[in-house]
Amino acid sequence: MAKITFIAPDDTRYDVEAETGSTVMEAAVRNGVPGIEAECGGACACATCHVYVDPEWQEVTGEPEAMEEDMLDFAYDVRPNSRLSCQIRISEALNGLVVNLPERQA
Amino acid sequence: MLSNFVETDVVIIGAGPCGLFAVFELGLLDLKCHLIDILDRPGGQCAELYPEKPIYDIPGLPEVSGQGLVDNLLKQIEPFAPEFHFGEMVTEIERTEDGAFRVRTDTGTALLAKVVVIAAGGGSFQPKRPPIAGIENYEQKSVFYSVRRMEDFRDHHLVVVGGGDSALDWTLNLQPLAKSVTLIHRRPEFRAAPDSVNKMFSLQERGEILFEQGQVSALKGENGHLESITVKGPNGEVDIACTRLLPFFGLTMKLGPVAEWGLNLEENLVTVDTEKFQTSEPGIFAIGDINYYPGKLKLILSGFHEAALMAQAAKRIVNPDARVVFQYTTSSSSLQKKLGVI
């Protein structure tokens, strides 16, 4: 298990427990965190689970792969710390992860 | 007037896995099908969203890719020779005096069928609107999501946004017509075919098009007539004067015209009964992800089951006097003949 914190654009914090092996997107959907739409259900085929990884965690979560970069082209206000949360897999190393939610999903 | 309509037993709206399997179940009962899909190929979400992804919950197939499932279904329905209409969206369903349906698409296809099956999944795939404030005010005036007529872009200052094949193809195709073309993409890498990307860069070197790295953040212009856009790039913001914008931000699913056919809906899904999977309009059925009934699960296997039961009801509408004998493909020689295996 890992504790993940989602921070909405209005600074509301959502602390959720995420199961190892699941994804940050699944943790958001299971716990009803608003702002993660995940239209394609986690197939890396849309860009509606876009998050900004807290800069302190960027090294641990790593860089997006080529396919995810392609999908990020469809997201709104993409920044260097942008990721699709369905592509961040939960491990013990991510315990305490903080991600920011964008103002809207594409 | 009816002579313009192609007659068939069943029109299936949507060529995803459930629409395809419906051809099989209807075919066993001797019903001939036409399928219409807005995409340019069969498979629906399986082909468009996750062709390479493995699916693990199709009975009897421990693991199959989205495209693999579609290929298998196409093979399975081959004996019934369904007719496909790709790249078309059904815009109108109208009941005739004798209870059949006239079905028309946005490209002018006109079919006359006794039964309509809506197997439209999450709705029709349509171009995604990029979340730029006020963009809807410019749509169809100076912002377009597809190119219907190239002439609409002649002598315009055009900006194309995106890094995929649509963006690159239209940059290249419209460059000779437009007064100027600027391509905008958020990064210097492109997912479009390398050949198009090379062509684009060589045009850029010759000064015939401009490339700007960044994301469109604002539109300016009165009454829907675009005058300039603001692009946020790695080196800050720039304004680019333009009169036409073509953003390519992928596809999303929208219920679309289904909502206008007078069917009972619940949260954008078509309500059906669980005996025939018939909608509130007799003769119009809905199967797969697009329908709703208590206990509904959006699984491909549920859609297959719905197709089988729907087909029994459809048969009674198309051939009310025929005696329907329940048969198995393992033992019925008549079914095996239809399948071409004996």
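Cβ from N, Cα, C; glycine included.
What TrEMBL lists as domain 'FAD/NAD(P)-binding' is B:9-294.
Under 8 Å, Cβ to Cβ, and six or more positions away along its own chain, B:D289 (FAD binding site) finds B:C18, B:G121, B:G122, B:K298, B:G303. According to TrEMBL, the feature FAD binding site maps to B:C18, B:D37, B:Q45, B:Y50, B:V90, B:F125, B:D289, B:T330.
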## Note on the structure
Listed binding-site residues B:C18, B:F125, B:D289 screened against chain A; CB under 8 A survivors are none
### Query
Roughly where does the domain 'FAD/NAD(P)-binding' (B:9-294) sit in mean pLDDT, to the nearest integer?
95
### Query
Listed FAD-binding residues B:C18, B:D37, B:Q45, B:Y50, B:V90, B:F125, B:D289, B:T330 - what's their greatest C-alpha to C-alpha distance in Å?
38
### Task
Taking the Cβ of B:D37 (FAD binding site) as the reference point, list residues of the same chain whose Cβ is under 8 angstroms away and which are at least six residues distant in sequence.
B:I13, B:G14, B:A15, B:G16, B:G19, B:G44, B:F84, B:H85, B:F86, B:G87, B:E88
